[in-house]
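Colleague: Annotations for this protein, taken from TrEMBL, read as follows:
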type	residues	note
ACT_SITE	LYS10	active site
DOMAIN	64-141	domain 'GHMP kinase N-terminal'
BINDING	PRO92, ALA93, GLY94, ALA95, GLY96, LEU97, GLY98, GLY99, GLY100, SER101, SER102	ATP binding site
ACT_SITE	ASP134	active site
DOMAIN	197-254	domain 'GHMP kinase C-terminal'
Amino acid sequence: MTWIAESYAKINLGLHVLERLPTGYHQIETGFCFIEWSDRFEVMQAPETKLDISDEEIPTGEGNLINKAIRALDRYVGLKQHYHIKVDKRIPAGAGLGGGSSNAALTLRMLNKIEKMGLSDDELIDLSRDLGADIPFFIKGATGIGRGVGHDIEPLDIQPDHWIVTCFPNESSSTVEAYQHCMPKPEPDFDLKKTLTETDIEEWRYTLTNDLEQAVFPRIHVAGNLKDQMYEFGAHYASMTGSGSAVYGIFDQDFVATNAYKGFLDLNLPSNLTRPGFKPDYGIYRKD
Ligand SMILES: C[C@](O)(CO)[C@H](O)COP(=O)(O)OP(=O)(O)OC[C@H]1O[C@@H](n2ccc(N)nc2=O)[C@H](O)[C@@H]1O
Ligand SMILES: Nc1ncnc2c1ncn2[C@@H]1O[C@H](COP(=O)(O)OP(=O)(O)OP(=O)(O)O)[C@@H](O)[C@H]1O
């Protein structure tokens with residue numbers, strides 16, 4: 001029996017880096033929403049654990065977040081079976097799109113369902129606490145504001161009711177380095193929740209910032225150029241997502257967004273077009 005599901009990417013709507021913590025992590029505040037870019041998972045019972053990823057640049061050993069998620073679940077409840085997991089990888093890695101975290105969260109949700117473990121979202125979040133700061137958002141599967149190191153999610157309907165064009169400039173960004181090079185600001189210049197819920201998207205370019213841009217753009221110039229290009233294509237708002245290097249633009253007219261999307265594809269840059277108010281299909285389906 002084969003189980004199928006989609007592992008969606010996220011983008012960050014604004015990101016405050018508030019404080020560097022003694023653990024090396026940072027206290028942040030960020031809006032999380034989804035885009036229509038996803039990896040496709042096929043999971044089958046197998047004599048031994050096996051991971052196949054269509055993108056050969058992503059290591060499939062112990063360090064892969066899918067394998068880490070399997071081990072964490074096994075430690076927590078003890079898995080009854082082994083699995084062969086095939087991933088059609090479409091989300092670029094090192095893009096700030098949370099591809100690895102999304103994969104880890106889906107692995108936990110799928111095995112929880114396949115083995116009828118009955119673990120709650122909070123239990124899955126607990127057992128995966130050390131795997132990645134973005135994972136709780138992907139387990140919950142609802143948009144919202146992330147606080148603390150990103151783990152504490154306040155659910156909030158902040159999926160933009162606009163078109164989103166996302167583009168990866170083909171140069172990966174390291175999350176560790178992005179945080180190392182940023183300057184924490186304990187008193188941010190704007191109220192993130194208020195901006196996301198009460199301010200028109202047209203106004204965001206004057207307020208809503210991602211603090212990690214200042215750490216990434218000087219080192220990955222193409223990412224900064226891509227943001228300028230989004231505005232040239234007619235975006236109402238453009239920003240780097242997370243630790244980069246992907247950049248997204250928010251557009252209110254479909255033909256302007258489509259034109260931008262096609263423009264990036266013509267430049268051979270991996271890109272995505274997301275519909276207004278997009279909601280991911282979080283279903284896990286059985287293919288007999
Ligand atoms: C940039 C974001 O994607 C925004 O949503 C996240 O903050 C990063 O989430 P992630 O990739 O799941 O991060 P993790 O895998 O947990 O951490 C990678 C590294 O990023 C840094 N890191 C991450 C999250 C955070 N709040 N502070 C940090 O300083 C730490 O050096 C950490 O070792
Ligand atoms: N299942 C996975 N899919 C993608 N990358 C993975 C996976 N497991 C481990 N990695 C490693 O994690 C690193 C970052 O990949 P990922 O796609 O999660 O980056 P990201 O989008 O920048 O993440 P984030 O936004 O959470 O910081 C890569 O170097 C990659 O080799």
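For all residues, glycine too, the Cβ spot is worked out from N, Cα and C.
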Colleague: Around GLY96 (ATP binding site), how many other C-beta atoms are within 10 angstroms of its C-beta?
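Modeller: There are 31 such Cβ atoms around GLY96 (ATP binding site).
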Colleague: Whose Cβ lies within 8 Å of the mean position of the Cβ atoms of PRO92, ALA93, GLY94, ALA95, GLY96, LEU97, GLY98, GLY99, GLY100, SER101, SER102, the ATP site, other than those residues?
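Modeller: Filtered neighbour residues, in order: ALA9, ILE91, GLY242.
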Colleague: Among LYS10, PRO92, SER102, which recorded positions lie by ligand 2, judged by Cβ under 6 Å to any atom?
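Modeller: The recorded positions passing the 6 Å Cβ test: none.
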Colleague: Of LYS10, PRO92, GLY100, SER102, ASP134, the recorded positions listed, which put a C-beta under 6 Å from ligand 1? Please answer none if none do.
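Modeller: Listed by sequence, the hits are ASP134.
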Colleague: Using all protein chains shown, find which of the binding-site residues PRO92, GLY94, GLY98, GLY100 scores highest when you count other CB atoms within 10 A of its CB.
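Modeller: When each Cβ's neighbours within 10 Å are tallied, GLY98 tops the list.
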Colleague: At the Cα level, what's the spacing in Å between PRO92 (ATP binding site) and LYS10 (active site), rounded?
Modeller: 12
